[in-house]
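Asker: Please see the structure below; I have some questions.
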Amino acid sequence: MKVLILDYGSQYTQLIARVVRELGYYSQVVQPDEDVDVSDIGALILSGGPASVYEPNAPRLPSWFEAYKGKVLGICYGMQLLAHEMGGKVEPGELAEYGRTEIVIVEDDPIFENVPRESTVWMSHSDVVKVLPKGFKVTAHSKNGMIVSASDRERFWLLQFHPEVRHTQFGRQMLQNFLSRICGLKPNWNLEDFITQKIEELRKELSGKKVIAALSGGVDSSVACVLVHRAIGTNLRCVFVDHGLLRKNEPEEVMDVFKNMLQLNVVKIDARERFLSKLKGVDDPEKKRKIIGEEFIRVFEQEAKSYGATHLVQGTIYSDVIESAKSGKKTAAIKSHHNVGGLPEKMDLKIVEPLRNLFKDEVRIVGEMLGIPRSVIHRQPFPGPGLAVRVIGPVDEEKLDILREADYILIETLRETGWYEKIWQAFAVLLPVRSVGVRGDRRAYDYVLAIRCVDSVEGMTADWSKIPHDVLDLISRRILNGVKGVGRVVYDISSKPPATIEWE
Ligand SMILES: Nc1ncnc2c1ncn2[C@@H]1O[C@H](COP(=O)(O)OP(=O)(O)OP(=O)(O)O)[C@@H](O)[C@H]1O
Ligand SMILES: O=c1[nH]c(=O)c2[nH+]cn([C@@H]3O[C@H](COP(=O)(O)O)[C@@H](O)[C@H]3O)c2[nH]1
Ligand SMILES: NC(=O)CC[C@H](N)C(=O)O
Ligand SMILES: [Mg+2]
């Protein structure tokens, strides 16, 4: 039995799924227009969302909703939608509530077991449920008198606030109450069982077959490769592409870890020449990304052929799956992310995605259990197109060398000062701008280098990291003294949105 989460577009939908899993219950996120098997749902949670239920095109309950007879928790939009559909009244509120709100429980309810009468919750709404459907009772008010919680005590529990966010003091307790006391579920999700079952499944599917995997040395593809390796051993060939856009020492380090430490069958393809010649003179970021994606495909096609592979392993994780289900609906295209993601339609290989139901933090735990070194598991993310999107404008060897050296100094300094693991992602960007300086009484005219360090959770939003000035100072002096060609260092203080994390 699983906990099904209906995604009405909230920023926090994935967070609901994660908290539920942390509590020990298997959860899955689906869109309201997706088909599901209702017999397998142990509890249903409706997420929040940006729409207003009284608008004509607002998303509604799924077609299978009537067939589902179990208990339902509606959060924010989910609460408003249930109230509206069952004959209650939802209206624009006079004042919106964003952020911290104090609530008072006014009626005993199993969802509030072990929750004090007064506590702090996190809100993000402007609509309000003015009238509840018949049979419902208000169970908590906000201090300014709004209905923040209600239930019919049989099937439906409604919360106007977000129990899934950490700022809601007793949010986890409430979700735990819903799942165990109200729905009567027993914890059924742990990652050790996941590993054993997955290896068994992979063995059934792949034994006797030749399989290749795109290995970047990043967290996701590494864990996927090690898992498949456990299942089929040397019939797996991991393909690591050196496209000439990797960081200093990266090719050697990746080969050392996977070949020598983890004893995987891994080949490094030296594709520097073909990538760099295709990129020569190309200025437009999207064109650069497309060229790189295309070349990746060509390289993998060749490798699959020469190895006689029928299957390709990818490190797709659950947030990729949720995002791609959403995209194509009304999400604007900001940039083409290269995962080797375009592969499935264009190649004649079956795709194997052992991690497609796991979140990144779960992937990390699985990686640790599989004995992958900490240096890999806690590596900061690095984009498939590599340094090509960090040399702004046309890419050439000279610029790549400058950037490689500066990036190396940045990362080493962050490690030395204990900042590397505190920052979600840190890197240098070489700008196509020169600036005047003075070195030993001589005029200098060198490139400007930007440092980008961000705090984030999944990379969807980000803020620039508040690194102490003395650390920034050390980074700047070391780069200015140690990297020929860089004459000025600047720190990027843009959040995402409106900026993105990478500059291209
Ligand atoms: N240099 C490379 N050689 C082979 N495959 C690559 C390379 N770069 C990227 N890939 C493929 O593209 C996929 C997507 O890259 P992405 O950066 O999202 O994931 P990752 O590298 O596995 O993990 P992380 O998000 O931690 O960097 C990788 O899982 C890998 O399959
Ligand atoms: O595998 C990848 N292929 C790509 O093409 C790509 N572009 C950006 N990124 C990484 O994604 C996160 C968000 O980046 P943006 O804010 O720049 O979109 C950040 O972590 C970026 O490094 C990529 N990863
Ligand atoms: N976060 C939400 O679910 C918001 C619901 C609705 N759009 C409101 O503003 O009240
Ligand atoms: Mg990566």
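Cβ from N, Cα, C; glycine included.
Any TrEMBL annotation is an automated prediction that lacks curation.
Reproduced below are the annotations present in TrEMBL:
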- Cys76: active site, nucleophile (ACT_SITE)
- His162: active site (ACT_SITE)
- Glu164: active site (ACT_SITE)
- Ser216, Gly217, Gly218, Val219, Asp220, Ser221, Ser222: ATP binding site (BINDING)
- 189-379: domain 'GMPS ATP-PPase' (DOMAIN)
Asker: Work through the recorded positions one by one (Cys76, Ser216, Gly217, Ser221) and name whichever has its CA nearest to the CA of His162 (active site).
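Answerer: The smallest Cα gap between His162 (active site) and any of the recorded positions is with Cys76.
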Asker: Tell me the Cα distance separating Glu164 (active site) from Ser216 (ATP binding site), rounded to the nearest angstrom.
Answerer: 33
Asker: Could you tell me which three-state DSSP class Val219 (ATP binding site) falls into?
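Answerer: DSSP assigns Val219 (ATP binding site) to helix.
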Asker: Select, from Cys76, Ser216, Gly217, Gly218, each of the recorded positions with a Cβ positioned under 6 A from at least one atom of ligand 1; if none does, say none.
Answerer: Ser216, Gly218
Asker: Which one of the recorded positions (Glu164, Asp220) has its C-beta surrounded by the most other C-beta atoms within 10 angstroms?
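Answerer: Checking each of Glu164, Asp220, the winner is Glu164.
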Asker: In the same chain, outside Ser216, Gly217, Gly218, Val219, Asp220, Ser221, Ser222, whose C-beta lies within 8 angstroms of the Cβ mean position for the ATP site?
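Answerer: Near the ATP site, the remaining chain residues are Leu215, Val223, Ala224, Gly315, Val376, Arg379.
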Asker: Averaging the per-residue pLDDT over the domain 'GMPS ATP-PPase' (189-379), what integer do you get?
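Answerer: When the pLDDT values over the domain 'GMPS ATP-PPase' (189-379) are averaged, the result is 89.
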Asker: Between the Cα atoms of Val219 (ATP binding site) and Cys76 (active site, nucleophile), find the distance and write it as a whole number of Å.
Answerer: 34
Asker: Please name the residue among the binding-site residues Ser216, Ser221, Ser222 whose C-beta has the most neighbouring C-beta atoms within 10 angstroms.
Answerer: Ser222
Asker: Restricting to the chain of Cys76 (active site, nucleophile) and a gap of 6 or more, list residues whose Cβ falls under 8 Å of its Cβ, or answer none.
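Answerer: When sequence neighbours closer than 6 are ignored, Cys76 (active site, nucleophile) has Ser10, Ser47, Gly48, Gly49, Ser124, His125, Leu159, Gln160, Phe161, His162 within Cβ distance under 8 Å.
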Asker: Distance check, please: Cα of Ser222 (ATP binding site) against Cα of Glu164 (active site), rounded to an integer number of angstrom.
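Answerer: Ser222 (ATP binding site) to Glu164 (active site), Cα-Cα distance: 30 Å.
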Asker: Is Cys76 (active site, nucleophile) helix, strand or coil when read with DSSP?
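Answerer: SS state of Cys76 (active site, nucleophile) = coil.
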Asker: Can you list which of the recorded positions Cys76, Glu164, Ser216, Ser222 have their Cβ under 6 Å from some atom of ligand 3?
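Answerer: Cys76, in sequence order.
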